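Asks: Here it is: the structure, laid out below.
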Amino acid sequence: MSVSCCCRNLGKTIKKAIPSHHLHLRSLGGSLYRRRIQSSSMETDLKSTFLNVYSVLKSDLLHDPSFEFTNESRLWVDRMLDYNVRGGKLNRGLSVVDSFKLLKQGNDLTEQEVFLSCALGWCIEWLQAYFLVLDDIMDNSVTRRGQPCWFRVPQVGMVAINDGILLRNHIHRILKKHFRDKPYYVDLVDLFNEVELQTACGQMIDLITTFEGEKDLAKYSLSIHRRIVQYKTAYYSFYLPVACALLMAGENLENHIDVKNVLVDMGIYFQVQDDYLDCFADPETLGKIGTDIEDFKCSWLVVKALERCSEEQTKILYENYGKPDPSNVAKVKDLYKELDLEGVFMEYESKSYEKLTGAIEGHQSKAIQAVLKSFLAKIYKRQK
């Protein structure tokens, strides 16, 4: 099926679900940008469109001519995709569409542009699913997004490893089918390959600090934490969506290193939030049970605790951090409260927001300012 045919079919699907005046997703800037933050109806329409594109992409993959599916294997992949790709908040994927709209500076998106920006957004959601399926196995996690981790679902187990590999390969099937005739196709492939490598390297740094028998809090520092976060989270969660939108808009990524730097800083702020929520948020609100303490993670909280601990408090931290027993975890959490790490985080959040806002407002392009502000608005003071 050609790209144009896919777009026509998508258009028919969208017209049934969404009023015609919502088919063109308008770019928003200035006062309209503020209205976008306040308007739930437009976000609902965008999400409906986005989910329609997921159905098209999933159908493509379930009928990929490169593999002769049996009914059983097709049903497995169908279920696996819905469980792992479709079940998140979709913030990364939707951010591609939001960013591209803002870069268009008030011009209506064509039906094909809507489809392609959504398709790129879904490639990032596929990448996220691939990382999380394997990350949950490595961390021996229990829940993800309010339900059992995929590998803990009955009859899945270690088949989840192969499912992760499938998810990774699906990305390039989508890119080839829908973008190979675009002038930025090679740049897209390079971008996804580079970001995947960066994320895998960040995961490696994170994992090798937690070897059994080699746990040493002395090697944890803010610089190590930043390095892990920059590579493991910031590039794929913050830079990748904007980079995809910039490529679709005909931009050269080498001309936007300053944008990358702001997004990396935003990604670090996001991960510090994540570290804080892992310990202090309600698991039901968060959608998962935090295990950073048990897993001996190089968390921002433990790094800040090490900076503030007395000799006696340091001893308590060394004796209890990285142990799975609930009593050990409770002692670490009690210590965090004693050190007022909640207050330390609140101060960090306020200063980070001020710094990021200043960097964004200093950018010469109003369209790029709007893109960066939209990202910051989505994460500032988030609860999950």
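Glycine is treated like the rest: Cβ placed from N, Cα and C.
From Swiss-Prot, here are the annotated features:
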- Lys89, Arg92, Gln128, Arg145: isopentenyl diphosphate binding site (BINDING)
- Asp135, Asp139: Mg(2+) 2 binding site (BINDING)
- Asp135, Asp139: Mg(2+) 1 binding site (BINDING)
- Arg144, Lys232, Thr233, Gln271, Lys288, Lys297: dimethylallyl diphosphate binding site (BINDING)
Asks: If you measure from the CA of Arg92 (isopentenyl diphosphate binding site) out to 10 Å, which binding-site residues from the list Arg144, Lys288, Lys297 are inside that radius?
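Replies: Those close enough: none at all.
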Asks: Counting every protein chain present, what is the number of Cβ atoms, excluding its own, within 10 Å of the Cβ of Arg144 (dimethylallyl diphosphate binding site)?
Replies: 22
Asks: I want the residues beyond Lys89, Arg92, Gln128, Arg145 whose C-beta is within 8 angstroms of the mean position of the isopentenyl diphosphate site's C-beta atoms, in chain order.
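Replies: For the isopentenyl diphosphate site the neighbour list reads Gly88, Leu90, Asn91, Gly93, Glu125, Leu132.
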Asks: Minimum Cβ neighbour count within 10 Å among the binding-site residues Arg92, Arg145, Lys288: which residue?
Replies: Arg145
Asks: By CA-CA distance, flag whichever of Asp135, Lys232, Gln271, Lys288, Lys297 among the binding-site residues is nearest to Arg145 (isopentenyl diphosphate binding site).
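Replies: Looking at Cα distances from Arg145 (isopentenyl diphosphate binding site), the smallest one goes to Lys288.
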Asks: Counting distance between Cα atoms, which of the binding-site residues Gln128, Lys232, Thr233, Lys288, Lys297 is nearest Asp139 (Mg(2+) 2 binding site)?
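Replies: With Cα distances computed to Asp139 (Mg(2+) 2 binding site), the winner among Gln128, Lys232, Thr233, Lys288, Lys297 is Lys297.
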Asks: What whole-number Å value do you get for the CA-CA distance of Lys288 (dimethylallyl diphosphate binding site) and Lys89 (isopentenyl diphosphate binding site)?
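Replies: With distance taken Cα to Cα, Lys89 (isopentenyl diphosphate binding site) is 13 Å from Lys288 (dimethylallyl diphosphate binding site).
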